[in-house]
Amino acid sequence: MEHTEDTNHTGPIHFHFRPFSKLPEVQLLIFVAFLAMYLVSISGNVSIFLTIWVSRCLHTPMYFFLANLAALETFYSSTIAPLTLASILAAESTLVSLPGCGAQMFFFIFLGSADCILLAVMAYDRFVAICHPLHYSLIMSWRLCVRLALGSLLLGFILAMQLTVLIFQLPFCSSKEISLFYCDVLPVMRLACADTRVHEATLFVVSVIVLTIPFLLITLSYVFIVAAILKIRSAEGRRKAFSTCSSHLIVVLLQYGCTSLIYLCPSSSYSPERGQVVSVVYTFITPLLNPLIYSMRNRELKDALKRVMMRFLLLEKQE
């Protein structure tokens, strides 16, 4: 009964994000850092996508999935960064409506889930390439590749739709501050004027589907991959096999490590301060590092990027 007065709130409900600091100088510094990370992330992922798109030598399943990952990272970053940057510049005047918050949460869960599932698909691709090289082109047909990519999107979409609809059916008493810089599931749930135990259980189930199951499949794939690599007699062959997998493995550890700290821990132990720091890693830093990791550790992609850049510069000179 203690929420009766709040629950009868009839005006439109708006949220605002908690500022990183009360000092304008610190806020400005954070804005510049986030803007720089966002621009580098977008340019890096778009460059990888376009390079794979225009380079015929990269039209293979491995690079097809990498292009999909780059596209997902681009949209994923753009779901969070613009609103975050606006709220850092004008924390007091940047209000988010209930539907706006729901839309951001939906796309965050959708793209983030598809990203994690796609990383498991990429691990399967590497498993087939290293453990069954003679049957690789037969197993990893273009039809299967497209189905796996679309399947990761479809599963992400279904999970995001169900979770977002469930959460935004909760009653929200009045306009309040979200203890984060975007509309994430746990901080928004904490603003509801109702029992959220069912919603927390649903979030945990979704987290297991998106994080635990794909990570176990990735781990299993790499157990077989490492066993197969160790059987390769030549040192050069082993080095090449490890180098094709190392980039993917680094990205997996970054992505799953950070998100597991938030979504696989009991919701009662959730700390807004820890959530703020860890969320910066997987919303700004990981999308920034992914293109750098792949482009630095993959010679084929690096060479293709150089060729595309040279071609672009030549066209610029001719004009």
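Even glycines carry a Cβ here, placed using N, Cα and C.
Unlike curated records, TrEMBL annotations are generated automatically.
If you check TrEMBL, you get these features:
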DOMAIN    44-294  domain 'G-protein coupled receptors family 1 profile'
TRANSMEM  28-53  transmembrane segment
TRANSMEM  65-91  transmembrane segment
TRANSMEM  103-124  transmembrane segment
TRANSMEM  144-168  transmembrane segment
TRANSMEM  204-230  transmembrane segment
TRANSMEM  242-264  transmembrane segment
TRANSMEM  276-296  transmembrane segment
Applying the under-8 angstroms CB criterion, which one of 28-53, 103-124, 242-264, 276-296 scores highest with the transmembrane segment (144-168)? 103-124
Long-range Cβ contacts under 8 Å made by the transmembrane segment (242-264), restricted to residues 6 or more beyond its ends, are 62, 112, 115-116, 119, 122-123, 126, 129-130, 184-186, 203-204, 207-208, 210-212, 215, 218, 222, 225, 229, 270, 274-275, 278-279, 281-282, 286, 289-290, 293-294, 297-298
